[in-house]
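Quick one: this structure, given as structure tokens, is what I'll be asking you about.
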Amino acid sequence: MLASDIARQLRLLLKNSPDAPSLSAFHQTLDQFASQNDDNPEQAEDLQTHLQDVYYDGMKDADLPQVKVILETLYHVRRILPPLSIIETWFDTVLRPALREPKLAAEAVDHAKEVIVAALSPIHRIRDAVSSDADKNKKKEKAREFRRRLMDLYLLDAYNESSGDDVLEWAELDDAQKERRACWKSNLEDVLVRIGLQRPQDLLTELHHCFSLPSSRLQLLLLLNAYTSQPNFPQHAGVLAAHPLMQSLIHCLVFDNSATECTVGVTVLTKLLPILAVKACDDLKRLLPQLLVVLARIICWETRPYYTLPDLALEGVRGRDPDTLVEPVIEDQRDIPQADNANRLAIRADLEWERLEQTFIGASATAPPRQQYFAYLYYLFPCNTVRFLRGPVSWLAESDVETVYTISWEEALDEDKIRSKSESLLRGHILHPLLIWRDAAHELAQPDFWAQYDVPKIVAECSMLDVRAASMGLREQLFAHTSQLSSGRREPRTQSERPEGPLPPPPPPPQAIIDSPTPIVQILSSSAESGTSSVLHTLSSAHPTSSKLQISLQEMISTSIALKSGLDIEVIDAPNEVGWAATLVEHQSRARSRSPSRRSTASVSIRSHSPDALRAHEEQGVPSHVAVAIAGLQREILMLRSELNFELWMARENVKHIGRLYQDRVVSRTAEVERQGLHNRLREYKAEVYRLQKEVREQKEQALKVKNQYADWNRKLQDKIKEFRNEKSSWQTEASAMRAEHKETRDSFAAQSKLLSEANSKVFELKTEIKANQHKVDRLHDYERQIEQLIKLQRLWESDVHRLNSQTEFLGECASTHKKMELRVANYQQVQEELEEKIRRQQQEMASLESRLVVASKQLAASRKATSKSPSPAAHREWNQQAAMNKRLREENSVLYDENEELKAMIEMLKAQVSGRTGLVSDPRASPFMGPTLSI
């Protein structure tokens with residue numbers, strides 16, 4: 001199918017034409033087209049062009065059903081759509097408006113999110129691997145810019161709860177606009193989270209770059225909180241542990257002075273601890289010193305004093321305008337030095353960190369939650385945690401941890417304060433067994449005891465380190481043991497007396513715990529104080545007939561603000577519908593009615609950090625008490641949301657652990673009964689198995705016989721079919737061969753007939769020409785005979801001339817050779833005479849030497865006789881001289897003998913050459929060099 005056909009079907013669907021295909025059939029067509037053209041960029045570009053034409057022709061003002069169809073189309077072809085087209089074309093025209101529309105179907109919104117994520121997915125990276133380097137770099141840059149744009153939209157365009165401007169603007173919006181903005185932020189956050197689950201490195205890099213701006217850190221931490229709360233996040237926890245974003249998160253908790261930001265950051269870090277312990281243990285050990293520094297920071301965090309709201313009626317009586325009250329009222333002047341407890345230590349310049357000061361002005365800031373964070377660190381690294389709390393500076397020095405400030409750790413950390421503040425934490429937890437079995441050094445070197453644990457088990461084990469949780473667990477264990485003993489005394493039964501009927505129903509599964517309204521409240525409030533349980537009990541007893549516990553969120557917020565405002569409050573049982581917060585809002589509306597033309601800017605903005613900023617906002621039309629109230633509301637909402645997310649995460653991990661424990665309990669409870677029942681049934685099954693095996697053997701034998709018969713019959717039929725097929729194929733081959741032969745014969749006969757007619761005409765023409773040229777042919781024959789005779793004569797003459805020339809050359813060569821031979825013979829004769837003369841001289845010399853040798857021998861014999869008779873030194877010397885002379889004469893004799901033999905050989909050679917014999921040497925050039933005359 002072509003792209004034009006898909007565009008035509010899409011037009012019919014958008015126009016609700018009767019000829020339009022069904023949505024399911026159209027989706028199948030899109031999936032088939034995408035699978036067939038997965039590696040065909042031309043078809044993808046063609047489809048992109050047709051889809052743009054369909055949209056721009058009449059879809060700019062489309063209604064929601066048409067937008068849904070467009071989104072479904074893009075969703076099904078997202079694999080083959082070019083990423084640049086999604087980023088540059090479809091995001092601004094279709095996808096972005098769809099994310100802003102709250103009335104759009106959830107399925108269509110999910111399709112829009114998937115298309116956005118597909119533009120950055122690795123599928124396009126693999127498909128673009130064959131493109132050039134320039135195209136790759138361009139696409140990577142576009143994808144990077146698109147991720148940064150999504151992040152900027154989340155930070156700057158979406159609703160920001162920590163910005164006073166956005167809060168005041170939100171208050172002026174109607175319900176539809178509020179719903180649109182909330183939908184836009186929720187969808188943007190979901191898109192970024194999905195991108196992070198597919199491309200964690202890219203999302204974490206963007207978050208790390210945005211952390212350099214202090215005003216965006218709270219939003220980034222909220223996004224990171226949502227990202228780490230995803231069930232699939234543990235698969236990518238190792239990427240976060242090794243990413244620089246982890247350092248930015250730790251720096252945020254160590255350096256910044258915003259309690260709200262640190263609260264959210266500690267919540268995120270608390271969730272990360274058990275996940276990193278399972279997925280990235282080595283990175284967690286590497287980060288342990290910095291995590292303990294964060295623990296010291298939040299332990300020593302002081303609660304910011306409350307700002308007391310003025311009594312408006314009293315101030316009016318005193319003659320003061322409540323709208324001009326911008327200074328916070330401090331009850332005790334001795335608390336003024338402690339009002340500013342921020343971290344003022346200078347940060348090292350190489351860290352390049354800009355400190356975030358107070359986020360919400362006028363709101364009371366509680367210390368970040370330290371209980372769960374300490375519990376996880378204490379459970380995972382008990383020895384090092386206790387060792388750090390005992391001596392932080394010495395532990396950091398032993399670990400070679402460089403200070404993050406311009407001063408040393410000894411000056412930056414107050415050890416006495418850390419010890420005093422951590423005492424309550426240590427008292428609230430039971431003794432960890434590893435504190436007895438290990439020390440701090442072995443704890444980091446030896447294998448981790450949680451190596452085989454999963455995240456839910458670590459979360460459950462950490463919660464059991466709390467004294468209250470441990471005491472409740474011991475009470476439940478003791479109660480269960482006591483109940484078991486009492487029931488055993490009341491109903492003593494043996495195994496044989498146990499009824500064989502069905503077992504009693506097992507305890508409800510974990511899903512029942514989730515579905516029931518009351519237990520989920522108990523789960524979510526597991527980390528609360530004991531007073532919370534009494535409050536919930538009171539509330540539940542106040543509504544005995546209701547099936548669900550009903551709590552007003554507005555009453556909770558109003559009560560929280562009133563309690564933290566410092567006013568005198570009378571607690572009553574019946575809730576007051578028009579409370580302190582409602583009065584405050586009415587006062588704010590009256591202030592706005594007095595100055596409708598002035599637009600207020602947020603005194604709770606992150607850019608406001610001091611009472612001077614409150615005065616500046618007061619000049620713009622926002623009363624100080626309104627700013628303080630809004631700041632308190634905003635912070636309470638953020639803290640409640642962060643705490644709710646953490647409690648939901650804790651509940652999810654606890655439910656996983658409960659499910660596993662439930663399965664173990666059911667298995668252990670029913671194992672014995674099932675074993676007895678299975679043992680009884682085993683005997684029955686053995687007899688039945690024997691009978692069935694016998695029947696099976698008989699059936700197998702019968703089946704084997706039938707199978708063999710069927711195989712024989714089938715083989716016979718196959719043989720017949722094969723014979724018939726072979727015979728038919730041979731007939732068809734013969735018929736085709738005969739048809740081809742007949743056709744060839746007919747064609748050849750026609751061609752031969754044509755050639756024969758042409759040959760007859762040519763023969764007639766040739767006969768006529770022969771008769772006309774006969775006399776010329778006769779004359780040519782005569783000429784040819786004459787030419788042949790002349791050629792023969794010429795050849796004879798040339799042979800005679802050649803023979804004569806060769807004989808002449810031969811005679812010249814013979815004469816030259818004869819002359820050379822004469823000269824060589826004369827030369828050889830002269831050499832022979834000289835050699836004979838030399839031989840005669842040598843023979844004479846040899847004769848003289850022999851005679852001398854005889855004389856010397858006689859003298860030697862005589863000297864020996866004389867020596868034997870009367871040996872003397874002179875005779876001995878003479879004898880030695882004679883022996884040396886004899887040795888020398890023998891050597892000369894051997895040399896002369898060799899020379900004589902050589903001369904004889906040379907003489908024989910010369911004689912052979914002179915006499916013309918071939919002898920040992922047939923070629924005179926092969927004879928040895930005999931003198932200058934032999935080279936002629």
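Numbers here mean position along the shown chain, with the first residue as 1.
The backbone N, Cα and C atoms fix where each Cβ goes, glycine too.
Given the structure is predicted, the values throughout are model-derived calculations rather than measurements.
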Look up coiled coil in TrEMBL and report which of 130-157, 410-437, 886-913 it refers to.
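Coiled coil, as annotated by TrEMBL, spans 886-913.
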What range among 314-355, 566-607, 818-859 does TrEMBL describe as coiled coil?
818-859
Choose the correct range: of 524-544, 692-712, 734-754, 860-880, which one does TrEMBL annotate as region 'Disordered'? Give that range.
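Among 524-544, 692-712, 734-754, 860-880, the range TrEMBL annotates as region 'Disordered' is 860-880.
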Would you report the average pLDDT that the model assigns to the coiled coil (818-859)?
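Average per-residue pLDDT within the coiled coil (818-859): 87.
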